[in-house]
Amino acid sequence: MITSSLPLTDLHRHLDGNIRTQTILELGQKFGVKLPANTLQTLTPYVQIVEAEPSLVAFLSKLDWGVAVLGDLDACRRVAYENVEDALNARIDYAELRFSPYYMAMKHSLPVTGVVEAVVDGVRAGVRDFGIQANLIGIMSRTFGTDACQQELDAILSQKNHIVAVDLAGDELGQPGDRFIQHFKQVRDAGLHVTVHAGEAAGPESMWQAIRDLGATRIGHGVKAIHDPKLMDYLAQHRIGIESCLTSNLQTSTVDSLATHPLKRFLEHGILACINTDDPAVEGIELPYEYEVAAPQAGLSQEQIRQAQLNGLELAFLSDSEKKALLAKAALRG
């Protein structure tokens, strides 16, 4: 269960993987995009996981209809704004919303820098209107190669004062981290944090690479760390965060069952692991479900769930004073 007197964070939440089905329908109609179905009920199976997918790439294909309807920058702004409202409705106090501007721009050849500006505008408006805290993480989608990632990074860095970190996501097997060393040097030189999707489709070596070569202080998913005792020790000793996404890992067939998910063992090992959603609209879940259903099914005790919630605050890309303010606000709820 969620401890209401502590801040609730979601640090691994894809803005472009959380586009409402109703919004997809409306934008599809507006921009003349031929969708596979034209009602909420019939479109849902195309944009939401119905049963576990055989691979990460198959899972990611469910996101494609959401970005296919982003016909102009106002559509990107709308989706960003709605993401903040969705976080509020999920009882989240602080969200880090990540997005790939190249992926969002691709279908309708939007200017990548314009997409970043629109998302920044939408999230800032949402924070103003809905009263929760949110920050942005820019994603380089390695699926599209190193040149596209440089274009993406240039766009992200053009708004670096409104972005807290840069991530590397996408095809972990086909585009290993060693191709992006120079990209992340630019990220660190710009003073931004680094989080990397690793140890999801590829093995522990991908996580070592993210930490040593790319400068990651947090790892997205990281489930394969369980196969490397030295890595487990390193993560605990150096306080490298693991952004765990229980239902997502089940739906991508990264784990066979929640009962075999390594999150419980990460926490027992003293690793700073926290609970997150990933792509809530695609998964058909929200953060309370992860705490109240998925985490107990993964074998976590109530104390471990509470620890994971605390870890989320510790790992947040926030200043100490911002974290203290969130703690004080949550404490008033009792």
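Glycine is treated like the rest: Cβ placed from N, Cα and C.
As given in Swiss-Prot:
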ACT_SITE  Glu200  active site, proton donor
BINDING   His12, His14, His197, Asp278  Zn(2+) binding site
BINDING   His14, Asp16, Gly170, Asp279  substrate binding site
BINDING   His14, Leu15, Asp16, Ser141, Gly170, Glu200, His221, Asp278  pentostatin binding site
SITE      His221  site 'Important for catalytic activity'
Quiz item: Hey, does DSSP put Gly170 (substrate binding site) in a helix, a strand, or just coil?
Solution: coil
Exercise. Given the recorded positions Asp16, Glu200, Asp278, Asp279, state which is nearest to Ser141 (pentostatin binding site) when distance is taken between Cα atoms.
Key: Asp16
Quiz item: Helix, strand or coil: which one is Glu200 (active site, proton donor) in, per DSSP?
Solution: coil
Quiz item: Quick one: what's DSSP say for Asp279 (substrate binding site), helix, strand or coil?
Solution: coil
Exercise. Starting from the Cα of His197 (Zn(2+) binding site), work out which of the binding-site residues (Leu15, Asp16, His221, Asp279) are within 10 Å.
Key: His221
Quiz item: What's the longest C-alpha separation between any two of His14, Leu15, Asp16, Ser141, Gly170, Glu200, His221, Asp278, the listed pentostatin-binding residues, in angstrom?
Solution: 19
Quiz item: Quick one: Cα separation, Asp278 (Zn(2+) binding site) versus Leu15 (pentostatin binding site), in Å?
Solution: 9
Quiz prompt | Neighbourhood of Asp279 (substrate binding site) by C-beta distance under 8 A, where only residues 6 or more apart in the same chain count | solution = His14, Gly17, Asn18, Lys62, Leu63, Ser248
Quiz item: C-alpha of His221 (pentostatin binding site) to C-alpha of the residue listed as 'active site, proton donor': distance in Å?
Solution: 6
